[in-house]
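Visitor: Here it is, the structure in full.
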Amino acid sequence: MICDNCKSREAVVLQSHTRRKLCKDCFIEDIRKRIETEARKQGIINANKILLAVSGGKDSLVLADALSQFVNPSKLIAFNINEGIRGYNRDDQVKKLEDYLRDLGIELIKSGFRQEVGFSLDEMVSASLKKGLKVSACTFCGGFRRKLINEAGIKVSADYVATGHNLDDEAQTIIINLIRGDLLRLIRFGDKPLRVSSKFVMRVKPLRKIYEWETTMYANLKGFEFQEVECPYISQKPTLRAKVRELLYKLEERKPGTLLKIIEQFDEISQKLKNEYKLSSELPTCIICGEPTTPGRAVCKNCELLIRSGLMPQEYQKYLPIS
Ligand SMILES: [Zn+2]
Ligand SMILES: [Zn+2]
């Protein structure tokens, strides 16, 4: 089988949504170009500093590898978080990640939940269980990761924070926000980042139009050794996302290109919404930690979780919304 693009090398990949058979080089070049197109649209080409949130998983390696080919690596700084999950956060994995980034010319900075929040994820989860809270580990993890990533972005004066979310993640999130009727989140979505608070560094997702199977293939073809250990809290992942994921895969299987179509159409809608809705001024800030919070809330979700888990002084209880 010969590559449909260069017509000379042996094809190794069938790209179902374009119905093309591609060789290794043409496939990698196709992904890189699509990432560059998206990155340009999101405006990161003119940035002075971009913080890359890297877990060490395949998507974060593809993100670093692809960006470093069209952005000067001295403008990139990678950031890794140790969540404090026993058996999952491993020093040898971080070392590998660090070596790999060094080869690309990207510096890695590190932080952790214990160091920044005062508690590891394992400690937060066990404290919340003792209090009988029905909150999944992923809720704690997601909220505090966002906070740490944003703080790191501010610390290094980054113009943008880039994450490795892929097309599958993005399509799922769009559908979930639709189901929940979360208009604010929906408007914030789309290919043009929107600043909702001066305390947030703008977030961009250069891989948002790359299928997950494509990032896996890119990582494998390039011979990356990535973190494959599954998080022990995986079984606590929200069930709605799992269901949406399954449904979207069925649609994609029946008609390849469906997920990409969902994102492209959504971007158009979101642009119209952004033009039409004047997003009301700044988000309010949390009275405890000073981070932005949703309108009508005195305390942010992260602080609320710590108070309800008994990890913050109980006199703060009075600020919590009635649950
Ligand atoms: Zn080719
Ligand atoms: Zn707070």
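Cβ from N, Cα, C; glycine included.
If you look up TrEMBL, you'll see C3, C6, C23, C26 marked as Zn(2+) 1 binding site. Annotation comment: TrEMBL describes 3-28 as domain '2-thiouridine synthetase TtuA-like N-terminal LIM'. Residues or ranges marked as domain 'tRNA(Ile)-lysidine/2-thiocytidine synthase N-terminal' in TrEMBL: 49-226. Positions annotated as ATP binding site by TrEMBL: A53, V54, S55, D59, I81, G164, D169. Feature annotation from TrEMBL assigns Zn(2+) 2 binding site to C286, C289, C300, C303.
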Visitor: Using a 10 angstroms cut-off on Cβ to Cβ distances, just flag whichever of V54, C286, C303 is the loneliest among these binding-site residues.
Guide: C286
Visitor: Please report the Cα separation of V54 (ATP binding site) and C3 (Zn(2+) 1 binding site) in Å, rounded to an integer.
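Guide: Checking the Cα atoms of V54 (ATP binding site) and C3 (Zn(2+) 1 binding site) gives a distance of 32 Å.
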Visitor: Report, as numbers and ranges, every residue of the chain located at least six residues beyond the domain '2-thiouridine synthetase TtuA-like N-terminal LIM' (3-28) whose Cβ falls under 8 Å of a Cβ in that stretch; write 'none' if there are none.
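Guide: Tertiary neighbours of the domain '2-thiouridine synthetase TtuA-like N-terminal LIM' (3-28) are 211, 214, 217-218, 221-222, 256-257, 260.
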Visitor: Within 8 Å of the Cβ centroid of the Zn(2+) 1 site residues C3, C6, C23, C26, which other residues of the same chain have their Cβ?
Guide: I2, D4, N5, K7, S8, R9, A11, L22, K24, D25, F27
Visitor: Scan C23, A53, C303 for binding-site residues whose C-beta lands under 6 Å from an atom of ligand 1 and note them, or write none.
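Guide: Result: C23.
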Visitor: Would you mind reading off the Cα separation of C26 (Zn(2+) 1 binding site) from D59 (ATP binding site), to the nearest angstrom?
Guide: 19
Visitor: Please check each of the binding-site residues C3, C26, A53, I81 and report the ones with a CB atom less than 6 Å from an atom of ligand 2, ordered along the sequence.
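Guide: Correct list: empty, so none.
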Visitor: Distance check, please: Cα of I81 (ATP binding site) against Cα of C6 (Zn(2+) 1 binding site), rounded to an integer number of angstrom.
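Guide: Cα of I81 (ATP binding site) to Cα of C6 (Zn(2+) 1 binding site) measures 41 Å after rounding.
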Visitor: Compare the C-alpha of C286 (Zn(2+) 2 binding site) with the C-alpha of each of the binding-site residues C23, A53, G164, and give the closest one.
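Guide: If we rank C23, A53, G164 by Cα distance to C286 (Zn(2+) 2 binding site), first place goes to A53.
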Visitor: Within 10 Å of the Cβ of C300 (Zn(2+) 2 binding site), how many other Cβ atoms can be counted across all chains shown?
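Guide: Here the count is 23.
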Visitor: For C300 (Zn(2+) 2 binding site), which of the binding-site residues C3, C23, A53, D169 has the nearest Cα in space?
Guide: A53
Visitor: In three-state terms from DSSP, label C6 (Zn(2+) 1 binding site) for me.
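Guide: Looking at the DSSP assignment, C6 (Zn(2+) 1 binding site) belongs to neither helix nor strand, so coil.
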Visitor: Work through the binding-site residues one by one (C6, C23, C26, A53) and point out the residue whose CB has the fewest other CB atoms within 10 angstroms.
Guide: C6
Visitor: List which of the binding-site residues C3, C23, C289 have their Cα within 10 Å of the Cα of G164 (ATP binding site), in sequence order.
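Guide: Cα filter at 10 Å returns nothing.
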